[in-house]
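J.: Structure provided below as structure tokens; questions to follow.
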Amino acid sequence: MIERDRLSVEEGARIHADLEAALATGEGILAAAGSALDAVQAVVVALEESPRFNAGKGAVYTADGAHELDASLMEGHSRRAGAVAGVRTVRNPIALARAVMDHSPHVLLVGAGAERFADTQPQIARVDNAWFDTRTRHAQLLQEQARERQAQAVSLKGAYFGTVGAVALDLHGHLAAATSTGGMTNKRYGRVGDSPLIGAGTWADARVAVSGTGWGECFIRCAVAHDIAARMAYGGACLEEAAEAVVMQAVPALGGDGGAIAVDVQGNIAMPFNTAGMYRGWIARDGSRGTAIFGA
Ligand code: ASP
């Protein structure tokens, strides 16, 4: 969980700087008339490379002390999508998700099969699983395991930090969304959350692009990303109403928590969250920009 009293001023400043650098990467691509898809991928790669977010280098630990990474992306106007789950040696899982979209007839590849597919893609950087080790995440694993022993129960609620995502609208009027995560600390048995599931953690169509973060089991059961799009398509809701209804009502109604980022084809942005904070950054159509961690 992101909590105000646990975040030092210095660490907060580093997070803002990483968010701003990632935004600038996406901005450069969009300003040069690049695609929303390329922009969201590049932004997510930048965030995967930072140890401060739960994706790529900063991925959390599984119960057996390893890292299993999930990622997905989707392009709105073409409805093309790619995703991977449970990968262990892929430095940038979002790049492998893109390769699944571009170079395979499939949408979602998992585990050993996804690794074998990565073997056929020379552009995909590979690392030992231990490359993802960080002291901070290891301390979080030990803390979570101690909490679990004390509670004598298995619970993942609250055991996640900082999945990354990006949504973009390009100069051609096209939308895209991308999401990448290490999942939840102390996860077992090949557990996969919402992030690599199209419709749950990621969605894009001609109207809206959405990326979510939160307790994945609830996000799957609410089909969060697609539900936001569906409320707009079938219910006539505007982006803000749709995103608020799903994140502030539907997810908490199942006992879940988290947030989402979304952009619609008019360039409206929504970033609701029902937790104390959610790392986020934005550049609006009028050029106004910002990064933030906590609520008002
Ligand atoms: N939604 C992710 C998952 O359940 C975790 C997160 O967003 O931090 O795997």
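Even glycines carry a Cβ here, placed using N, Cα and C.
Okay, these came from TrEMBL:
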type	residues	note
ACT_SITE	T163	active site, nucleophile
BINDING	R191, V192, G193, D194, T213, G214, W215, G216	substrate binding site
J.: Rounded to a whole angstrom, what is the C-alpha distance between V192 (substrate binding site) and the residue listed as 'active site, nucleophile'?
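T.: Counting only the Cα atoms, the answer is 13 Å.
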J.: Cβ distance under 8 Å to D194 (substrate binding site), same chain, sequence separation 6 or more: which residues?
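T.: Same-chain residues close to D194 (substrate binding site) (Cβ under 8 Å, separated by 6 or more) are A200, G201, G212, G214, G216, E217, F219, I220, V224, A225.
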J.: Can you tell me the CA-to-CA distance separating T163 (active site, nucleophile) and G193 (substrate binding site), as a whole number of Å?
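T.: Cα to Cα, T163 (active site, nucleophile) and G193 (substrate binding site) are separated by 11 Å.
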J.: Of T163, R191, V192, G193, G214, the recorded positions listed, which put a C-beta under 6 Å from ligand 1? Please answer none if none do.
T.: T163, G193, G214
J.: Show which residues of the chain containing G193 (substrate binding site), separated from it by at least 6 in sequence, have their CB under 8 Å from its CB.
T.: D70, T181, G183, M184, G201, G216, E217, F219, I220
J.: If you draw a 10 Å sphere on the Cβ of R191 (substrate binding site), how many other Cβ atoms land inside?
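T.: So the Cβ neighbour count for R191 (substrate binding site) comes to 18.
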J.: Across all the protein chains here, work out how many other Cβ atoms are within 10 Å of the Cβ of T213 (substrate binding site).
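T.: I count 32 other Cβ atoms within 10 Å of it.
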J.: What is the number of other Cβ atoms found within 10 Å of the Cβ of G216 (substrate binding site)?
T.: 29
